[in-house]
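According to TrEMBL, the protein carries these features:
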TRANSMEM  33-56  transmembrane segment
DOMAIN    49-297  domain 'G-protein coupled receptors family 1 profile'
TRANSMEM  68-90  transmembrane segment
TRANSMEM  110-128  transmembrane segment
TRANSMEM  148-166  transmembrane segment
TRANSMEM  208-232  transmembrane segment
TRANSMEM  244-266  transmembrane segment
TRANSMEM  272-292  transmembrane segment
Amino acid sequence: QDELEFSMGPENETTVTEFILEGFPELGPRLQVFFSLVLLLMYLTTVMGNATIIFLVCVDCHLQTPMYFFISNLAFLEIWFTSSTSIKLFVMLSSGWNTLSLSSCFAQNYFYYALGCTEFILLVVMSFDRYVAICQPLLYAAIMKPQLCVHLVVAAWVLSFAMLSYRLLFLSELSFCGSKIPHFLCDNSPLFQLSCSDTSLLWKIDSVFTSCVVLGSLCLTLAFYICILFCVLHLPAASGRKKALTTCSSHLITLSIGYGSCIALYTRPAEAVSLSTNRIVALLNTVLYPFLNPFIYSLRNKSVILALSKSIARARTKL
């Protein structure tokens, strides 16, 4: 394992210039290789599944609706979200190269939280879209116009990345006395605990911001789904009720994984955070949740399966 690089400050202080991500040291070499192969398989499946959704929405006119427009944006986001952590984790497990420069660590931290915030906003937008489609079907076309859909998506991305920009400013001002991060990513808890600087203000800002984003979006999403549930129960056709309930229940399963892991990780006081537990819960958030999303939101849908079959048939015809 390479030695960490250090530089001497003006007052003979030792300044950390690289971090060591410990990952999962409790796993033996063989288990780490096996875990890396499983992770690689899940990562490639996640990327291919989400890329397939984006491709189908772009080429099939039947999928160019507000619902699939939002789903394709979510798919695009999931590719980058899981890539921000899974690639480094795979390299760590397969090769043992677990060092990360300060700038790379700060960038990973920023993109991890900015993309996560964007996803929560998109989930609220998607639940609102389903609410209008099911509860206000006659007004759906008038409300969910293409311009509004584009504005909502752009607002989600711009607001998240703009609001999280304070992190880079604060992180760049911190000095660190330790170099070993007991995690597989540059998350808040292990990073702040290594700092020699006073991080109390940053802890408070992060706690308030994260709690507002996670719990606020969760309340709005659940409110829309509860309204959908009441509307579904009053549908005259039993087949329509069954289809809507099946769709909503599958959505709620993935939402419970995403929101549950984030609530467990980021809405507790700092002293209650267990780093060993965080690593396991973070895997649900960074690996399992993006892996399940393509199957839950799209690849089980008959319209998507039909569009995929048509694309495969066209490809075979050209060959």
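Just so it is clear, glycine is given a Cβ too, placed from its N, Cα and C backbone atoms.
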_Would you say the transmembrane segment (68-90) and the transmembrane segment (208-232) are in contact under the rule of three or more C-beta pairs closer than 8 Å, pairs 6 or more apart in sequence?_
no
*Sequence-remote contacts (6 or more beyond its ends) of the transmembrane segment (148-166), Cβ cut-off under 8 Å?*
66, 69-70, 73, 110, 113-115, 117-118, 121-122, 125, 205, 209
